[in-house]
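Novice: One structure, as structure tokens, below. Some questions next.
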Amino acid sequence: MKAQGISETQVGLIISAGGLVTIIAQPLWGMISDRFKTVRKVILILVFFTTISGFFLYQMSTFTTIILLTLIVYAFLMPLDPLTESLSFTTSETLKITYGSVRTYGALGYAVLSLVVGYVMNWFGMTSISYLFGLLGVICFFIVFFMKDVPTSPVPVTINGLKKVLANREMQLFLLLIFIASIPARMNDTFLGIHIGTLHGDTKLVGIAFFISASSEIVIFALSFWWLKKGRELQLITIAIFFYAIRFLLSGFVEHPYALIAVQILQMVTFPIFYTAAIQYLYQIVPREWRATGQTLLALLFFGISGIISAAVGGYVYNTFGGHFFYYMLASISGIAFLYGLVLLSRQKRLG
């Protein structure tokens, strides 16, 4: 976007506007999935419209058209993540394999594409991404088309059932922790590429940074059967938040793009542990018939509401105070989330 003359503040506005759509779209599609007892068919609809809108988005060059198409893409793209995670988790349960072993392939795909996209942008320009996006969308559509749907609970979903889920005290405290921790995580996702550019790195280095970040997740996801034990989820989430704070502190300290890229190896002890443990904990406290909705609520906090705050505030802070101050702020917020996680752990031990 910077190459197209879009400022850091405008990038923040675009992402935050997309986050507003996400707030509505994610729970809506999650409830549609639970209501009609299908995940696969909903994913097919979302992939179809995401592919079309995303293809045109990457050909736009003005702020108005970019923000308009971003809103459309977010309406269909962002619900895909929680529904895909729900599909993966339920499939792993049905096949009696670990969720991490399935999620490993997601990390692998993201890692490869992060590297490929960086080189494609560097060689052919931003508009070339639209063709790559369209091709991947078509491939994804046909893969999902031939997949089997996952079994669902026969219990019907009702408004009263949703109220009970949202009124669960453990659920409320858990979601608050996710919300606080997700704000700096989302800020980093949004502005990492910009900060690499600020440190005089090019788009190829941005791709390498995201490749290292994503590829570091693969081993952690693959070994989830070993480290992810029931009853330890909250402890693991808190540990991951601590490493988020360390990661952002180092990101603010470094002065060279290659050093910033090296810091991304800490992704292996942050996101995969944080998100996998969060999903497992969520599925323990949410009834089976509300899994897709519960998953979208988790994603809503991690990608939606926190995305709005992080993009809008992050854009202003980065533009006004610079990248180093920006990352020190992220480390501080993660530190607060870590302390809150310790409070919840203490409460959990006290209640038994």
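Any Cβ shown, glycine's included, is placed from N, Cα and C.
TrEMBL lists these features:
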DOMAIN    1-349  domain 'Major facilitator superfamily (MFS) profile'
TRANSMEM  12-30  transmembrane segment
TRANSMEM  42-60  transmembrane segment
TRANSMEM  129-146  transmembrane segment
TRANSMEM  166-185  transmembrane segment
TRANSMEM  205-227  transmembrane segment
TRANSMEM  234-254  transmembrane segment
TRANSMEM  260-283  transmembrane segment
TRANSMEM  295-319  transmembrane segment
TRANSMEM  325-345  transmembrane segment
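Help me picture where these features are in the structure shown.
Specialist: Residues 29, 32-33, 36, 66, 69-70, 72-73, 75-77, 79-80, 83-84, 87, 126-127, 129-131, 133-134, 137-138, 140-141, 144-145 of the same chain sit 6 or more residues outside the transmembrane segment (42-60) yet have a Cβ under 8 Å from a Cβ within it.
Here the transmembrane segment (234-254) has long-range neighbours at 174, 177, 181, 184-185, 188, 192, 195, 199, 227-228, 260, 263, 266-267, 269-271, 273-274, 277-278, 281, 323-328, 330-331, 334-335, 337-338, 341-342, 344-345, 348, meaning same-chain residues at least 6 beyond its ends whose C-beta is under 8 angstroms from one of its own.
Non-local neighbours of the transmembrane segment (260-283) in the same chain are 85, 89, 99-100, 103, 107, 174, 178, 181, 185, 192, 195-196, 199, 201, 205, 208-210, 212-214, 216-217, 219-221, 224, 227-228, 230, 232-234, 236-237, 239-241, 243-244, 246-247, 250-251, 254, 291, 294-295, 298, 302; each lies 6+ residues outside the stretch with a CB under 8 Å from one of its CB atoms.
Sequence-distant neighbours of the transmembrane segment (295-319) (same chain, 6+ residues past either end, Cβ-Cβ under 8 Å): 7-16, 18-20, 22-23, 26-27, 29-31, 78-79, 81-83, 85-86, 89, 175, 178-179, 182-187, 190-191, 194-195, 275, 278-279, 282, 325-326, 329.
Counting only same-chain residues 6+ beyond the ends of the transmembrane segment (325-345), those with a CB under 8 A from a CB of the stretch are 173-174, 176-177, 180-181, 183-184, 187-188, 191, 195, 234-235, 237-238, 241-242, 244-246, 248-249, 251-252, 314, 317-318.
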